[in-house]
Structures are given as C-alpha cells and as structure tokens.
Amino acid sequence: MSERKVLNKYYPPDFDPAKIPKLKLPKDRQYVVRLMAPFNMRCKTCGEYIYKGKKFNARKETVQNEVYLGLPIFRFYIKCTRCLAEITFKTDPENTDYTMEHGATRNFQAEKLLEEEEKRMQKEREEEELNNPMKVLENRTKDSKLEMEVLENLQELKELNQRQANVDFEAMLRQYKEYEEEQKRREQEEDEQEMKAMLEEVQNRRLLVDSDSDEEAAKPSTKPRAKTKPTDILQEDPQPQIKKQKTESWERSVGKLSSRTQLAGLVAVRKPKPPSTPANSTESHGAGSIPPATGPSSSSLGLLGTYSDSEDGASD
C-alpha cells in the first residue's frame, strides 16, 4: 500500500519542464491582504475618524512606473467603516512611511510637515552655496552671530536664575555629605553601645546563676518535707467543705441570722409574784382553783422554741 503523505514525486524519464504551460497573470493584479491602518485618518465623504491600528481586509497592488532605488511601491485599497467609501494610500520607502493618496486626510502630521519644511530649506541653501562663494560667507557669518546671541541669552538666563535662587549647590552637596557621614557614625556608635550592653547583661546573668547555685548548695534543707501519698486525697472528708460553702452562699444572699441569746430578748418574761400567806393558799386550794403560774406562759415558751429551732436549722 502506498504512502499517504508522499514527499518524493515520480518524474518519468521523458519529463520536460519547458512543456508545462505557464499561467499568464496581469502585472497589475490585486491580492487580498489583512493589514492595519498605518496612521490616523478622516474620511472625506462622511467625516468618520479611523484610528491607527484598525484592521482591514485590503486589496494590494504594485504601482506601475514607480520605483525607489529598485524597491517597488505598493498601493492599498480599504473601505471606510461607516460609509464604505474607498480610501487608498501608498508606501513611501524614501521616508520609511506611508502617503495618503485618495479618499481621506491624514491627521496629526504637523511634525512631519515641519521636518519636510526643514529639509526643503536645507536643500535650497545647499543649491545656493554650490555656485556662489559669497553666499557661503554670508551664511557662515549669520550662523556665528546667531550662535553668539544664543550663548548670550543663555548666560543671561543663568545669571537671572542665580539672582532669584541664591542657592550654592556645592555647599548643599557638601552639607549633605557631612550629614550622611555623621549619621553613619551615630549608627556605628549605637551599634557598639548595644553590643556592649548585651554582653554585660549576659555576663551579669551568668554571675547571678553561679551565685544562686552556690547559695543553694551551701544552705542545708532545715524543714523536712511531709511525705504525702497519692491516695491521701481520697481519705479526706469532703462534707465539711460542702457545708461551709453552703453557709457562705446563704450568708451572701440572705444575711447572717442572729444567735439564740438575741432572739430570747424578744420575749418578755413576767416577774414572779410575792408569796401569799398559808391561809390564803389553803383557801384557794380548797376552793379548787388552779394555782397561778409563776414562770413564763406556755405560748411565749412555744414561740421561743420555734425561733430557736429555726436558728438551729439555719446554722446547719
């Protein structure tokens, strides 16, 4: 099976390349190329601005009977983006630029016009000096005068600036150099002082550590430590601590209750009556009456008992 992408063609032994018919194309034939606008332009038909770098599908052709130093000149045809009017421009190998030909005007070419004017004046002057030696002498004297005037104006401007400014640049540079040197010297001194302080601090720390170790070695341990076992904490009774915490919280919230002696002062105790005669006592007993109570009443004793019970419960 033959190869699909063949690199070497087969030429028969009776092949004659002169017998191949040549394709006759016109010399002014046009090609479609993709290009960008070489300069800013404005359409003459609608006034649309076409900026530099806009892309077009242009037609290119070779200009007939126009050559610069053997280099052909090409013409390009593009269409306006708004009105589709035809715009043409050519290459300019002499100035390494493009020239506007038809359909639009070139913008922002003041610098180019100035350069062209200078070149034209220089060319006219060289043509005049070519056959007229007196003209050469006049031009030289004019140039020397113009140069002297320029130097004088420059000197005047320098003097005027010195009067207005009065700035000694050499002294300013000298002062700046001195300031830099002083700053460097200060930085070096600060670094040295910092290094010395750090070394002294490290040395003092070492001395303190050595002295502390000597003192600890010299002092014997006078207080023997109590030997504790890990299981001692399990043998402690947590109940007293819980009661104490409860009483402290109660006192903070409600207040501390008074003692029994203070509560006993609230109850008034009756004074005992003087003893009566035996006759009166026998009469009273005989009459079947109940002997009077000499101590406090039962109601007051019951009230005192309730206060004391409440106090005991609060203390618990």
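Numbering starts at 1 and runs along the chain as it is shown here.
Just so it is clear, glycine is given a Cβ too, placed from its N, Cα and C backbone atoms.
Annotated in TrEMBL:
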type     : residues           : note
BINDING  : C43, C46, C80, C83 : Zn(2+) binding site
COMPBIAS : 200-209            : compositional bias 'Basic and acidic residues'
COMPBIAS : 245-254            : compositional bias 'Basic and acidic residues'
COMPBIAS : 295-308            : compositional bias 'Low complexity'
REGION   : 200-316            : region 'Disordered'
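Sequence features annotated in TrEMBL and their locations in the structure.
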residue: C43; record: Zn(2+) binding site; Cβ within 10 Å: 20
residue: C46; record: Zn(2+) binding site; Cβ within 10 Å: 12
residue: C80; record: Zn(2+) binding site; Cβ within 10 Å: 21
residue: C83; record: Zn(2+) binding site; Cβ within 10 Å: 12
Worksheet, complete the sentence: Other than C43, C46, C80, C83, the chain contributes near Zn(2+) (Cβ within 8 Å of their centroid) the residues K44, T45, G47, E48, T81, R82, L84, A85
Practice prompt. Give the residue counts of the compositional bias 'Basic and acidic residues' (200-209) per reduced DSSP state, in the order helix, strand, coil.
Written response: 10 helix, 0 strand, 0 coil
